[in-house]
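J.: Here's the feature list from TrEMBL:
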- 122-280: domain 'NarG-like' (DOMAIN)
- 35-54: transmembrane segment (TRANSMEM)
- 124-144: transmembrane segment (TRANSMEM)
- 172-195: transmembrane segment (TRANSMEM)
- 207-227: transmembrane segment (TRANSMEM)
- 254-274: transmembrane segment (TRANSMEM)
Amino acid sequence: MKYLFPLVAVIVLARIAWVGSTIPGMQYVFGVDVPYAALILFIGGFCWRVIYWAKSPVPFKIPTTCGQGHSLPWVKRDKLEAPMNTTEVVGRMFMEIVFFRSLWRNTKAGIQPGPVLTYKSTKWLWFFGILFHYSMLLILLRHLRLFLEPVPFLISALDMLDSLALHPTPELSFYVTDALILLGLLALLLRRFILRPVRYISLANDYFPLFLLIGIAVSGIAMRYYLRSGVDIVAIKHLAVGLATFHPEITTDIAPIFYSHLFLVSCLLAYFPFSKLMHMGGVFLSPTRNMANDSGMKRHINPWNPEIKPHSYAGYEDEFRADMVEQGIPVDKELPEKADD
């Protein structure tokens, strides 16, 4: 099964950190060495991929359009779906990155008895995609409180709003995004299990990031709500601030569940630049999105075109006129008469 190996791999990774962190001296490896190595791979790999993509030439003007382009003055055009200048391209990119506009407009084609070709909306996919991505963003912002001292007011306010202040003790409050991110991930995973066409094209590298993210979410939820014994938040804060300031120090033993969670996060960081998750950076460099639909107004020069000196027909004829006349090929300009000796 294509999903079995990624699932087992994530379980094994979590188990390695759990068992390894109980070995004397290995807590520093899983708490300091591995996160730093993962961060180096993430930053280096991310920059390499973005620079490599940015250097790739775009031979054709290929913006994806699904609306009325610029035409006659009295014809209303779609400024977002067929942008003709930089301002409109920025607006389109903003809607795409912030609100996943193309996913909102996405449809699914199908054949009904008849046969009849039908198109159905897939806004449920947009909903769960938004649910996961924004929950992930809020969780990342929330975690900044572990790395910053003092904690900025906005981060504290976000933490309070996320927990809805349902419990008088902050340590026991329930975070809404914990449930929402798990719901979004499970929906995206079930989509690959249930929908036959999607299941057919899904590969192991499609399942692995999903299982890895689910493993991170589950281990984090378990550490906060169920396996709290030995999870010293003060020691974790001390380690996190030390990592951020490049003076890491582990002052006391921390429960193995924390190291499993941290190790899975490190694996995600290291794997990120070499996976399909790089759409986070690639969306900014996609020529189908970041180019204006102005090929009728501006000529797009292919950067692959070789530097060739123009040679007109008149120049060609001047160079080979004598040979052309000798072979009986018509010429625009006759050979000059030879002067009599």
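Just so you know, glycine gets a Cβ as well, placed from its N, Cα and C.
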J.: Cβ under 8 Å to the transmembrane segment (172-195), counting only same-chain residues 6 or more beyond its ends: which ones?
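T.: Here the qualifying positions are 3, 124-125, 128-129, 131-133, 135-136, 138-139, 142, 162-166, 202, 206-207, 210-211, 213-214, 217-218, 220-221, 224-225.
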J.: Using a Cβ cut-off under 8 Å, which residues of the same chain at least 6 positions beyond either end of the transmembrane segment (207-227) come close to it?
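T.: For the transmembrane segment (207-227), the sequence-distant neighbours (Cβ-Cβ under 8 Å, at least 6 residues beyond its ends) are 2-3, 6-7, 9-11, 13-14, 136, 174-175, 178, 181-182, 185-186, 188-189, 192, 255, 257-258, 260-261, 264-265, 267-268, 271, 275-277.
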J.: Do any residues of this chain, six or more beyond the ends of the transmembrane segment (35-54), have a C-beta under 8 angstroms from a C-beta of it, and if so which?
T.: 243, 262, 265-267, 269-270, 272-274, 278, 281-282, 285
J.: Averaged over the domain 'NarG-like' (122-280), what pLDDT does the prediction give?
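T.: Across the residues of the domain 'NarG-like' (122-280) the model's pLDDT averages 91 on the 0 to 100 scale.
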